[in-house]
Every structure is written in C-alpha cells, then in structure tokens.
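> Have a look at this one before I ask anything.
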Amino acid sequence: MRRGERRGPAGPLGKAALEEQHQQPNGGSPPPGPERDGPALGLRRSTESEVYDDGTNTFFWRAHTLTVLFILTCALGYVTLLEETPQDTAYNTKRGIVASILVFLCFGVTQAKDGPFSRPHPAYWRFWLCVSVVYELFLIFILFQTVQDGRQFMKYIDPHLGVPLPERDYGGNCLIYDPGNESDPFHNIWDKLDGFVPAHFFGWYLKTLMIRDWWMCMIISVMFEFLEYSLEHQLPNFSECWWDHWIMDVILCNGLGIYCGMKTLSWLSLKTYKWQGLWNIPTYKGKMKRIVFQFTPYSWVKFEWKPASSLRRWLAVCGIIFVFLLAELNTFYLKFVLWMPPEHYLVLLRLVFFVNVGGVAMREIYDFMDDPKFHKKLGQQAWLVAAITATEFLIVVKYDPYTLTLSLPFYITQCWILGIILVLTWTAWRFFIRDITLRYKEIRRQKQEHKYEKDKCLSNGDGHSSILDEQNGSKLRERKL
C-alpha cells in the first residue's frame, strides 16, 4: 500500500494497491510501503492492523542510486590515483577482499529487491540481505578447505584464532547450597551468573518477536534443553546442572524473555499505526516521538500458525522448529570445530546477524504458508537463512565427524525413539485416522438421512410419493431425448 492511503478491511484494489503490483525498481525505495502483506495486496487480513499515512515523501525516502554511485566512484578513484599501493601482498589481499564486499553491499543496498519490512528504512533490510549473501559465500569457501587450512584461515580475520581452546564445563558441583563453603554457600549460583544470562533473556525476547507465538517459543526452549541433555557427551559446554537447565534457563531467562516478548506483541497488535511526515507535526515533543516510532513497525500482522489445521501446516511448523534448533546447535558446534572462544566478537556478530535476518525470514515463511496460490516461491531472506543453516551444519560434519558420531547413551536413545513414535502416532491419528473416521461417520449420517426421507415419502396410501413420481418422469423424459 502506498503512503497516503488507508488500508481498509476489504474491497477492490485501489490505485495504491495497483501501483504496488507494479513496483519500482529498488534503486530507491518506494515511499515507506507497509510490511507488505503477502497473499492479497490491497486486502487487509483479519490479523493485520489498519494503517493511516498522510503520504509525505521526504528526502529520506527518495532514491539515491546516483549519489551512492558517485561517492563509490570517487572513493575508488582516490585509491587508484592518489594512494600508493603497499608492497605487502597479504595486506593488499585483505584490503581487496574488503573493498569487493563493500562494493557489493553498495550495489545491494541501492538495487536489491525489497523485503517485507520497511522500518526504519528498506535500505537497512536490503543491507542485511546482502550480508547474508556474503556470509553464505564465506561459509562455502570454508567448506571447501581442509580442516587444518580452514582453522588456520581464521587467523587472517583474527591472529588470536586458530588455536584449540578448552570448553568450559558448566556441570561439576551442582549443590545450590554448599555447606562446605562457609564464606559463600551459594557460590555455585553466583558462578553461573555470567554474561550469558542477560544474553539468554534478550535472545528469547527477540525470538518471541520473530515467532510471535507463545507455544512455539516454549516448545523450542524446552526442546533445546533436552538437546543439551542428549549431547553433553559430545560438547562439555552442554554439561550443566539440573537447576541451570530448568530454573535459570527455561523458567527465568527464557521464560521471562518470552513473557516480555508476548507483552510487546500485545502492545504492537493494539497500537494505532497513524503516520505523519516529520515536518507536518507542529510540536517538538511530537517530532521526537515520531523519530522514536520510526524504529517501530509500519504495520503489524499477528501470526496464526494453526499447526493442527492441516498436514501441510503441521509439517511446515515442525520444519521451522527443526531449523531453529539446528541454528541454535550450530552456534555451539561451529565455535567448537573452528576453535573460537565463546566470548569472541565473531560469535557475537553471528548472533546479531541472525537477530536481524531472522525476523524477515519468519515473516516471509508465514506469508509463504498463508498464501493460497499454488505457484509461489519462498522469500529471498528465508531462502538464504535456510541455506546458511544447512551450510553451517555441513561445515561441522566435515570438520569434526568424530564428535558428531559419538553414540548417544542408551537411555537417551530410548527417550528420543519414544518421543518420535508419539509424534508420528499423533500425526497419523490427527490427519489420517481421524479424518477417515469423520468421513465415514458423515457418509453414514447422510445414508441414514436419505433412508429416512425415502421411508417418509413411501408412507402415503398408494405407496408412492410425488417426489418419486417426478423423479421417474424426469428419467423417462431423458430416455426419450
């Protein structure tokens, strides 16, 4: 929907919606269109908020393709004509790679296709789309190296990498109250309160904003703790105390993050989305408020996953949960096989990357599932996130197959087999056995109703009914014709 239009509840496509179907090339963004609403342009879904926009189109939203091209050309000209090239081959190689990436990012920010989000600016989300491409290409490069070369290549990024590092064991003494330590009996709790505690909270707060469903968030949170239990024989980092798993992680950090995320979602769904141009607001307080709200969504769509509504949606939701869990595991296994300490800035940058691309990917997946058209394609950011997750896992498989092939303990294997059997049994009952049973009952009910009507028609004196006479007469006329 274009700016200056009100998204109504239904009705024919207006001029704004028709313009959206013929979108401009993304050298510049069209004025801040909505977080485009998937299947039915111009029609507001029942889970989507109404948007009012006065249509102001300022310099902030105009195309700047020529400006970016001019600045980029000037920068390259300065390096070529005025700067002396050093004789250090390694330095020139690094600088050439960085310059190539920056040129690609400049092209992508100005020319790539817009995604579903438009705030704070469509160029911001195009930037992260291009970063996704660069990161995927980097992973492909690492995948095609030998294990030793791949680990040593990380030294070109940070000279301190490429050295095997011991993993911290979070298990050990699991007493909440340690009477043997008279100075501080609760030292075990204080030892676990490191920087990862707020990271867990904010991580799950942001994941809730991405998934927008309490049940899915809780299932992923609990499932990951079960995975840590199952894989602690492979990674010492997964070895934690029981109260660290269920009290600090699931209940306090994850649970509190999910709760705050759901409260934020509730506020976003009730918020009035009425936008004015900054210079159309008379008061300074209103201008400051408008600047802050620029970093909130342009409109809001409530996700209704409805996994039990059809087999297709059930399999899609299971696939989303699987990819989420795999991406979480990749965080730990990648730093294990590439010898990166947990506090390294590359680990943090990867998490920041997934925070920015994850929300776009989830919106594109939801639109893909909610689109009734048969011929459709998955969104570009969702496609890249799936490819990145798969490539990361393949790197882990190649670089340390021994760790991944360590057999699960027998009781763990039994628990997973039982869980898989229960899920498959419920799937078969819900989407096959139950449907067959309901269909059989419906056919049986229809037959009984037909028999009752027939008996009712034959209950007159001559044993015939007017309805049967009309049916016989029509059959006779059909034979004559």
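For all residues, glycine too, the Cβ spot is worked out from N, Cα and C.
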> Quick check on the annotations: TrEMBL lists transmembrane segment for one of 93-112, 293-312. Which range is it?
93-112
> Which sequence positions outside the transmembrane segment (314-333), separated from its termini by at least 6 residues, show Cβ-Cβ distances below 8 Å to it?
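For the transmembrane segment (314-333), the nonlocal Cβ contacts are 207, 216, 219-220, 223-224, 227, 231, 235, 237-238, 305, 307-308, 347, 350-351, 354, 362, 365, 369, 385-386, 389, 392-393, 396, 400, 403-404, 427, 430-431.
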> So which residues does the transmembrane segment (93-112) touch in its own chain, when a touch means Cβ under 8 Å and the partner is 6 or more beyond its ends?
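Cβ under 8 Å, 6 or more out: 25-28, 63-65, 68-69, 72, 76, 79, 123, 126-127, 129-131, 133-134, 156.
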> Need a quick answer: max count of Cβ pairs under 8 Å to the transmembrane segment (411-432), which of 124-144, 214-231, 243-262, 345-362, 382-399 is it?
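That would be 214-231.
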> Does the transmembrane segment (345-362) reach the transmembrane segment (124-144), going by 3 or more CB pairs under 8 Å (6 or more apart in sequence)?
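Contact criterion met.
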